[in-house]
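Colleague: Got a structure here, written out as C-alpha cells. Questions coming.
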Protein chains: 4
Amino acid sequence: MTNPQPIALVTTGGTIDKIYSLTGDLEIGEPAALEILSVVRPTVPVTAEPVLRKDSLDITDDDRQTLFERVEALPNTRVVITHGTDTMTDTAEYLRTHGTALADKTIVFTGAMQPASLRVTDSQFNLGTAFAAVQLLDPGIYLAMSGRVFPVGAVVKDRDRGQFVDLVVPEN
Amino acid sequence: MTNPQPIALVTTGGTIDKIYSLTGDLEIGEPAALEILSVVRPTVPVTAEPVLRKDSLDITDDDRQTLFERVEALPNTRVVITHGTDTMTDTAEYLRTHGTALADKTIVFTGAMQPASLRVTDSQFNLGTAFAAVQLLDPGIYLAMSGRVFPVGAVVKDRDRGQFVDLVVPEN
Amino acid sequence: MTNPQPIALVTTGGTIDKIYSLTGDLEIGEPAALEILSVVRPTVPVTAEPVLRKDSLDITDDDRQTLFERVEALPNTRVVITHGTDTMTDTAEYLRTHGTALADKTIVFTGAMQPASLRVTDSQFNLGTAFAAVQLLDPGIYLAMSGRVFPVGAVVKDRDRGQFVDLVVPEN
Amino acid sequence: MTNPQPIALVTTGGTIDKIYSLTGDLEIGEPAALEILSVVRPTVPVTAEPVLRKDSLDITDDDRQTLFERVEALPNTRVVITHGTDTMTDTAEYLRTHGTALADKTIVFTGAMQPASLRVTDSQFNLGTAFAAVQLLDPGIYLAMSGRVFPVGAVVKDRDRGQFVDLVVPEN
C-alpha cells in the first residue's frame, strides 16, 4: 500500500513557520515541519530541504524558478512542500506549467492558516494530510489544505473564510 | 480527486482522548478529534459518532461488535475511527473478519502515542493522515499511524519504540 | 498573610492578548488573563475590567486618563493591569504622577514578551508574579516582569534583550 | 524593593513534572520549572537544585530529611521548591518543625494541579506566584497555590475541588 519511499520535505516559509520576535513583529523562523516530525517520528524516511524563508506574498517568480530547480534535482519521487497560503496555488501552478521534468513526482503543497508556534493551530493536521497524500497519490501536483487534497488548478483560497475550496469554473 | 463525500468520525477513546484528572489519574475525556477539527475547519462535511470511551486495553469483543454494528449502520462510505494504539490492530482485524457488510466503506483507524491534551503530541498530525487517507483510498480497512497508511493485517505496533511498522511475516 | 481581598483585573491589550488573524496580521483578541485564570481557578475573588484593547505603542495620554479614572473608580485596593510592554513604564508613571487618588491601592502592571496564544510564552508566569505581588505589597504602583517585581520609576525595558531590568540612574 | 538576590530552585517531582510515557503511564520527567524559566528569562539569578523525582504520595520522611539537609546547605536565603500537591503541606510542615536552621530563609513551595507538559496547565502561573513571593516575603515557609500565597500551617488542599484554601481551625 504505502511503499515507504523516502519523502523530501521542502520548506519555503509562510504562516506555518511564523514566530513572534522580541520586537513585536512576526518573522519566519526555523521550519516548523521538522519539529512536528520529530514528535511524530514517522517510520518512513524523510529528508529536509529548506529552500526559501519567506512570507508567500513576497515570493517571486525567480523564487519559484529556484524552487522548481531544487525540486527537479531531488532524487525523491515524493515531495511535500510547506508554503504560505496566499500564493500557494500560484507556486503550484508555476511548477505545473514549467515542470514536465517533474512528471514522475508526486508533489503535495501544504501550509497553515495559524502558525505552528501557536497553542491552537492547523499546522500539524495539515502536514499529516500532506504526508498521507504524497504516499498515496500518483505523480502530479496537489494541495493539502482544509482537510482535503486538491489537484493543482482545481482549488482556490477563500480569503474571507480562511479556507481552501474547490475552484468553480463558471460555465458559459 | 478528493470527492468531498461526508466523513463519519467514530470515536472510541484511547490515548488521544486522555486528560489529567484532579485526582492525579488519567481518564478518557471528550473526543479530542472534534476540537482538532474545529481548528482545521475542513471543507468536507464531517459528522461525529462517539461510540466508546475506553482505554483500548479495556476494549472487549463485545465492544468491537458494538463498533461494527454502529459503523455498518452509518450511511457514510468514508469512516475515520480514533482508537487506542495498544489494540488498534485487533479492532481493525475484528472489523475485517466480521465485516463483509463493510465492503463498500473506506475505514481508517488512527490515534496517538501522546494525548491531544499535551502541548507536544502526534494527535493532530495523525488525524490529518487519516483524513487524507479516507478520502483517497478505495474501500478497505487501514491504519494511519507513524506518518504512514497501512492496510489492516500488514502492520504491527512496536511497543518498545512506540511506533507502527510493517508486519513482517517470516518466510518458511 | 495573603488576605484574600478581591482583585480587580484591568486589561488594556498588548502583546499578551495578541492573536493571529485570518488575514495574516496580529490583532488584539479577548483578554488572555481571563482564560489563564479559568485554568488556575484562584481561591481569591477576581473581577475583570476590560478598559482598552490596544497595542501599547498606540496608547495615548487620553487612554491613560481613561485608565486612571476607571482604576480610581474601582472599589478594590488590589489591582492587576495587563498592558503592552513597550509603554508599560509610561502608563505606570502616568498613574503615579496623576494619582494621589490611587494612594490606597496596590497596583501591579504585567504583560508578556510572547503572546498567550503561543505554545511557549511568558504570559502565565508573569500574571502569576503579578497576582502574588498585588496581594503581598503595600499600596503603590509596581511592574511584575522578567521574574521580578519593580516599583514604578525603578525599571526600564531593555528592548534589545526583551527583558525588564533595574533603571540605573547615573550619578553626577 | 525586590533585591535581586539569587534564587535556588529546588525540584522534587510531583504533578508539575509529569509526562506521558510510551507505555501509556505517567512518569516524572525533567524539572518543568527549568523549561518555564528558560522562556521567562528572569533578570534575577536562579540556580537549579534537583533533589527528588517522585510523586508526592511516595515522598517519605527520609526524603523530607534529605530535602531539609539540601535546603539547609544552600547559600541562598530565597528558595522555591516545586513539589507534588498531595503532600506539599506535609513537607512544608516537616521543614518548619525540623528547621530552626532554616530560620533566615524565605522558602516558597509550589506545584501544579495539571502537568506542565499539558497544553492547558496552571504550572507557569503557579511558578510565577512563587517567584514573586520568594522575593517579597520575610523569612518563613509558604505555599503558593491557587493564585494565593499561604503561610505554612494555614493552608489545606481541598482534594475534591483541586484547590488550596485557608485551613480553618474550628473554635471550641
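Numbering starts at 1 and runs along the chain as it is shown here.
Keep in mind that glycine also has a Cβ here, set from the backbone N, Cα and C atoms.
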Colleague: Among A:Ser56, A:Ser117, which residue does TrEMBL annotate as binding substrate at the site that also has A:Thr85, A:Asp86?
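Modeller: Answer per TrEMBL: A:Ser56.
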Colleague: Where's the emptiest Cβ shell within 10 Å among the recorded positions A:Thr15, A:Ser56, A:Thr85?
Modeller: A:Ser56
Colleague: Could you tell me the maximum Cα-Cα distance in Å between the residues recorded as binding substrate, namely A:Ser56, A:Thr85, A:Asp86, rounded to a whole number?
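Modeller: Site span for substrate, by Cα atoms: 7 Å.
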Colleague: Name the secondary structure element type, per DSSP in three states, that contains A:Asp86 (substrate binding site).
Modeller: coil
Colleague: Measure from the Cβ of A:Asp86 (substrate binding site) and count the other Cβ atoms within 10 Å, all protein chains considered.
Modeller: 19
Colleague: Note the mean pLDDT of the domain 'L-asparaginase N-terminal' (A:7-156), expressed as a whole number.
Modeller: 96
Colleague: Report, in whole Å, the straight Cα-to-Cα distance of A:Thr15 (active site, O-isoaspartyl threonine intermediate) from A:Thr85 (substrate binding site).
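Modeller: Each residue's Cα considered, A:Thr85 (substrate binding site) and A:Thr15 (active site, O-isoaspartyl threonine intermediate) end up 7 Å apart.
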